[in-house]
Every structure is written in C-alpha cells, then in structure tokens.
Amino acid sequence: MTELRHRGAKDGEPPLEQQPSEDKGSDSELKADKDGVSEESKVDSGVPEVPVPPDDTPEVLNKALSGLSSRWKNWWVRGILTLAMISFFFLIIYLGPMVLMMIVLCVQIKCFHEIITIGYNVYHSYDLPWFRTLSWYFLLCVNYFFYGETVTDYFFTLVQREEPLRILSKYHRFISFALYLTGFCMFVLSLVKKHYRLQFYMFGWTHVTLLIVVTQSHLIIHNLFEGMIWFIVPISCVICNDIMAYMFGFFFGRTPLIKLSPKKTWEGFIGGLFATIVFGIMLSYVMAGYRYFVCPVEFNNDSNRFQVDCEPSELFQLQEYTLPGVLESVTGWTTVRLYPFQIHSIALSSFASIVGPFGGFFASGFKRAFKIKDFANTIPGHGGIMDRFDCQYIMATFVNVYIASFIRGPNPSKVVQQLLALRSDQQLYIFNSLKAHLTEKGLLRAAEAAA
C-alpha cells in the first residue's frame with residue numbers, strides 16, 4: 001500500500017486514500033470519462049498504452065460505404081468480412097482434415113503473436129533482453145511436446161515402423177523436458193538487476209499465453225480426430241451465436257448485459273441463445289448423415305494417408321424418441337426420429353451461447369486493462385485473429401471434456417496397435433491372460449481354449 005501511495009505521488013497523482021472512490025456518484029465518472037481519464041486509468045497509469053493500429057479497411061469498401069453513418073458502415077464491413085470468413089471456412093473443410101490441422105496451427109501461432117506483441121509494446125521502452133526470442137522458443141517447445149504426443153497416439157504404427165521416429169517417440173518426454181529446461185536456464189541467465197520484477201512479469205505473461213492458446217488449440221486437434229463433426233459443429237455454433245447475438249443486439253438491443261462489453265445486450269444474448277440451439281440441431285441433422293463428417297480421422301498404414309471411412313456408431317443412426325406430453329400437445333406428434341448426436345448438439349449449442357461469450361468478456365477485460373480496442377487489426381471490422389477465437393478456445397476445452405466424459409469409450413484399434421509393439425513373450429502373456437478370462441466368463445469354451 002505504501003508503494004502504491006508513493007507511485008501515485010511520483011506520477012503527479014494524489015495518494016490512493018485521497019483519490020475519489022467509485023461510489024461518489026455517476027457525475028464524477030462522467031467527468032472522468034469526458035476528460036479521457038477514468039478511475040481505472042489513474043490506478044493503472046503505470047501501464048503504458050498500446051499504440052492504436054490504423055484503420056486498414058479496404059479502400060474499395062471505404063468508398064462504397066462513404067455515405068453511411070459509422071454505425072451502419074461498421075455493420076456492412078463486419079457483414080461482408082464475416083461472409084468471406086465463412087466461405088473460407090467451407091473451403092478448408094472441403095480440403096480435408098490435414099488442411100484443417102494446418103489452419104489450426106497457423107491460427108494458434110497468430111494468436112500467440114498478437115498477445116506477445118501486446119506485452120512487448122506495453123513494456124517496449126525497457127528493452128528486455130531475449131524476451132521475444134525466449135517467447136517464441138517456449139512456443140516451439142510446447143508445440144513439440146503436444147504434437148509429439150499426438151503423433152505417438154494417432155500414428156503409432158507409422159512411428160514403430162520408422163526407427164528415427166521410434167527413438168524420438170520413446171524419449172519424447174525427456175527431450176521435451178530438456179528443451180524446456182534449456183529455455184528456463186536461458187531466462188535465468190538473461191536476468192538484469194534493474195529489471196528483475198518486469199522480467200518475471202513477462203515470463204509469466206508468456207506461460208499464461210501458452211496455456212490459453214497452445215493447450216486449447218491442441219484440444220481442437222484432438223476433437224478433430226474424433227470426427228470432423230466434433231470440430232465443425234462447436235465452431236459453427238460459436239460463429240452462429242456471435243452473428244445472431246450481434247444481429248439481435250443491433251436491431252433490438254436496449255438492456256446492457258455486462259460492463260466489460262457495453263455494446264452487449266440481454267436481447268442479443270437471449271436471441272443468440274435460441275437461434276444457436278435451433279441452428280445446432282439443424283446442422284447436426286444434416287452432417288450426421290455423412291460418413292465424411294462422423295467417422296474418426298484415422299491414419300491408413302497401407303496408403304500412408306488419412307482416411308475418414310467407417311460404419312457410423314449408434315450416435316449417428318436415426319432413432320425414434322417419444323415426445324413429452326407438453327411437446328406432444330403443442331406439435332401434435334407422438335414420436336420423432338432424431339440422431340442421438342442432435343441431443344448432444346443442444347448441450348454444445350447451449351454452452352456456446354451461455355458460457356462461450358465469457359471467453360469474449362475475458363478478452364474484453366484484458367483489452368480494457370491495456371486500453372486497446374482489438375488485439376490487432378488483421379481483419380477489418382473484426383480486429384485480430386484472437387478477437388475471433390476468444391470464445392473458440394474455451395469451447396474447444398468443453399468439447400474435449402464432454403467427449404471424454406460422455407462419448408468416448410475404449411478404442412480397440414489403439415489397444416491392438418500397442419499390443420503389436422510389445423515383445424513376443426509379453427504378447428503371449430496377454431494372450432493367455434485374455435484366453436483364461438474369456439473362458440471363465442463362458443465366452444470361450446474350454447475345448448476351444450485348449451485347442
């Protein structure tokens with residue numbers, strides 16, 4: 001507290017005890033806003049502002065929309081760019097799972113770059129040694145660890161077939177730890193006496209960014225391997241909720257939802273919720289009928305390519321459900337035929353609409369803390385890539401947990417792959433144990449077991 005009082009005096013501010021409190025009325029807040037200085041900015045005045053990026057809206061759009069008010073101009077810019085991004089999304093889905101994985105990796109790198117750049121710009125004047133170099137080095141280490149785990153898990157047969165890959169797989173975690181330890185030692189060696197505290201701030205900044213961006217993008221890859229429908233439906237629900245909440249809020253919004261995002265309204269939140277649930281059920285119905293979307297993405301060892309072909313599980317087979325009495329009286333239907341996945345899509349849509357926006361609110365609070373409007377200006381009218389994926393990352397974590405908790409069961413093919421990698425004596429031991437177990441349960445007759 002003493003330190004804060006001294007800092008206030010040093011910056012030409014009154015001590016914190018003398019600063020006006022938030023509960024002295026809205027007049028003081030309005031006055032502070034008019035002067036461009038809020039209570040928050042007084043307390044955080046030690047944090048330099050990040051330079052505001054210039055408007056990079058394409059000139060052709062600026063000319064075409066020059067006669068519109070700023071509100072409607074922003075509406076049209078966001079709408080046109082949204083359609084362009086949706087078209088690009090359809091294209092990468094058509095190109096297949098490998099392209100999707102590469103896009104996820106590129107998005108992850110760009111999001112990491114945007115967050116690290118904010119940290120670099122905020123503390124740019126201190127000229128911290130090795131900060132950016134170490135940040136990118138840690139990104140490389142974490143990606144090596146996660147993608148190495150994925151390769152070992154989903155390309156097990158290929159890894160065991162190639163000697164260099166087999167060695168890397170066997171010692172993967174040790175190599176990953178050694179790489180991280182090297183970066184850790186480099187950070188300790190880079191410490192400068194007058195910048196200790198700031199350097200540890202940036203060390204924490206980098207690691208939190210890795211936790212938010214890299215870990216959750218890795219979960220997106222895992223969701224994709226479960227079947228493209230587990231990748232496309234959640235992402236589409238978040239996109240739909242973002243669009244419909246914006247539309248409902250733009251035309252009907254009157255009641256503010258949360259102070260962190262003053263433009264968010266209850267009308268947009270509720271309208272987006274119902275629209276997203278309906279959208280999720282309809283999209284799930286369309287996609288559940290195609291093996292390309294519902295089959296797990298697996299690596300074919302014969303062709304050395306990814307394949308998306310299987311016998312769809314019960315989750316993607318039409319079943320008849322009896323409607324509750326209330327719905328029966330409204331619709332007049334006694335039963336309805338649905339894919340079980342459509343019921344799961346209600347949970348996904350609800351999460352995307354109710355909890356997903358809190359990822360955006362978190363990002364809004366982060367941006368307000370550093371007095372910036374967007375993470376970057378990569379997409380005109382939308383901000384940076386991180387501005388578009390702030391809700392997607394929390395959604396990816398939920399989907400991964402949901403699959404592990406309610407959907408995924410033991411995978412026989414992976415068990416067989418691991419058994420084939422064992423020594424002959426280990427395989428015989430497992431064979432005899434399994435034979436004795438099946439005989440005991442009566443699934444295998446003793447005579448057949450003896451033969």
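Glycine is treated like the rest: Cβ placed from N, Cα and C.
The region 'Disordered' annotation in TrEMBL covers 1-58.
Here TrEMBL flags 1-13 (among others) as compositional bias 'Basic and acidic residues'.
What TrEMBL lists as compositional bias 'Basic and acidic residues' is 21-43 (among others).
According to TrEMBL, the transmembrane segment annotation covers 75-95 (among others).
Residues or ranges marked as transmembrane segment by TrEMBL: 101-123 (among others).
Residues 105, 108-109, 112, 116, 120, 172-173, 175-176, 179-180, 183, 186-187, 190, 199, 202, 206-207, 209-210, 214-215, 218 of the same chain sit 6 or more residues outside the transmembrane segment (130-147) yet have a Cβ under 8 Å from a Cβ within it. Taken from TrEMBL, the feature transmembrane segment applies to 130-147 (among others).
The annotation transmembrane segment is assigned in TrEMBL to 174-192 (among others). Beyond its flanks by at least six residues, the transmembrane segment (174-192) meets 128-130, 134, 137-138, 140-142, 144-145, 148, 168, 199, 203 of its own chain at Cβ-Cβ distances under 8 Å.
Look at TrEMBL and you will find 199-221 (among others) tagged as transmembrane segment.
Taken from TrEMBL, the feature transmembrane segment covers 227-248 (among others).
If you look up TrEMBL, you'll see 269-293 (among others) marked as transmembrane segment.
Among the features that TrEMBL reports, transmembrane segment is placed at 341-363 (among others).
If one looks beyond the transmembrane segment (227-248) by at least 6 residues along the same chain, the residues whose Cβ comes under 8 Å of a Cβ in the stretch are 78, 82, 86, 89, 93, 97, 100, 220, 264-265, 267-273, 275-276, 279-280, 283-284, 287-288, 292-297, 308, 316, 341, 345, 348-349, 352-353, 356-357, 391-392, 395-396, 398-399, 403.
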